[in-house]
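Since the structure comes first, as structure tokens, the remarks are kept for the end.
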Amino acid sequence: MEFSPRAAELTTLLESRMINFYTNLKVDEIGRVVSVGDGIARVYGLNEIQAGEMVEFASGVKGIALNLENENVGIVVFGSDTAIKEGDLVKRTGSIVDVPAGKAMLGRVVDALGVPIDGKGALSDHERRRVEVKAPGIIERKSVHEPMQTGLKAVDSLVPIGRGQRELIIGDRQTGKTAIAIDTILNQKQMNSRGTNESETLYCVYVAIGQKRSTVAQLVQILSEANALEYSMLVAATASDPAPLQFLAPYSGCAMGEYFRDNGMHALIIYDDLSKQAVAYRQMSLLLRRPPGREAFPGDVFYLHSRLLERAAKRSDQTGAGSLTALPVIETQAGDVSAYIPTNVISITDGQICLETELFYRGIRPAINVGLSVSRVGSAAQLKAMKQVCGSSKLELAQYREVAAFAQFGSDLDAATQALLNRGARLTEVPKQPQYEPLPIEKQIVVIYAAVNGFCDRMPLDRISQYEKNILSTINPELLKSFLEKGGLTNERKMEPDASLKESALNL
């Protein structure tokens, strides 16, 4: 007898077969290389590609889609284009460029794509974050109110920086821009050791753009010897790397820093330097045939830096209260701060530290021009004791510079002018500091207190550094601790250090 299923059973059988039907097919959208040269590939056939999407060439080299045109796509190659030729297949990855992030990155040196280049093996447990994300909105932010100490007397007293601030370091080549950044990283060791919980720790990300490999290796050695690598990571796109990697490195470093910001922790990121990133971006844009503007930079070069620096922020209590502080570095040519890129970045940041070649050669190091340097939001984050101590010093320095220019022409100066010149010379001497020797904030307060209150006025200038060492070795440690309290300097506390400061001054 033949089996003849009923219509209803047949329908059910067919439906179940269709539902359970499984195919292991994976569809990739691919295109072909039309032309290639100078690190730019024109690809035909990738109709559904997204802007900023990562693609993979047949040779294994990766690239990013930057120009989406009617006929083809302009792809910037991350690496050498010598293995790519006309007619090669190009595959979409379906993902926007992302990099590894997390505490596993601490102590490591990676390239702009997050691949380790320090020879310590693969990265352990980490998450991946997109390099290009939207900056936090207004509601998600909070005004800057916590100090970020650099350990430099000239910075912490006159141009204070807060957590979540963007403070530009600007100056000619060889004026000590990187030295300020490195000293800031080294100073966090003692600041982190004082923290009672992890939320007070400040992690550091250093992004080296277009620097020599030997310079980066030297920096790693300095941080390693100071045990600063345990809370730091480096992203390096060196001078020998292609322009696209130099363009991408700051965004990659920022994504790594945002991991801490978004998880209720604090991070500091140093971009050294953004002038080289702008040059790399100009090179890419011109090769992509984008219309040039002022100084041959593309029209969106302002947006290049603004979208990067806006990601540095202090988050509100509702969103975790984390912060990302940015110290971008810009190199000027012959002290011209009114050039295109310097003015752009000055207008984006919350202040700038201006370094001058002339001051550097006169032995004033760090070579900070106090008149041009400013911190627009940092004073809200400055310790009360420091604010009380250095309140008058900036005005006195400004008056000193004004009078010193005219004092060269006249010899018969009245007593008040002579006293002003005398005090100004000492206030110029006190902020001098050797490299890689950051000073704790409470010790800075004592030294500046001594200078502002006239304890150094009768002392020869060459004895001031010795006087500083003497007072720091004899001052009461309990008194130093009291300066860190929020109450600031009371009248009783002001009288306390006076005796030991006078005694040290008399000895010299």
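Glycine is no exception: its Cβ is also placed from the backbone N, Cα and C atoms.
Values in this document were obtained by computation on a predicted structure and should not be read as measured data.
Look at Swiss-Prot and you will find Gly171, Asp172, Arg173, Gln174, Thr175, Gly176, Lys177, Thr178 tagged as ATP binding site. The C-beta environment of Lys177 (ATP binding site), restricted to residues of the same chain at least 6 apart in sequence and closer than 8 Å, consists of Ile169, Ile170, Gly171, Asp272, Asp273, Val329, Glu331, Leu355.
What Swiss-Prot records for Ser373 is site 'Required for activity'. In sequence order, Leu158, Val159, Gly351, Gln352, Ile353, Cys354 are the residues of the chain that are 6 or more apart from Ser373 (site 'Required for activity') and have a CB within less than 8 Å of its CB. DSSP assigns Ser373 (site 'Required for activity') to coil in the three-state reduction, placing it in neither a helix nor a strand.
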Thr178 (ATP binding site) CB neighbourhood, other CB atoms within 10 A: 19
Environment of Gly171, Asp172, Arg173, Gln174, Thr175, Gly176, Lys177, Thr178, the listed ATP site - residues of the same chain whose CB lies within 8 A of the CB centroid: Glu331, Leu355, Thr357, Phe360, Ala367
Greatest C-beta neighbour count within 10 angstroms, which of the binding-site residues Gln174, Thr175: Thr175
For Arg173 (ATP binding site), the number of other Cβ atoms found within 10 Å of its own Cβ: 10
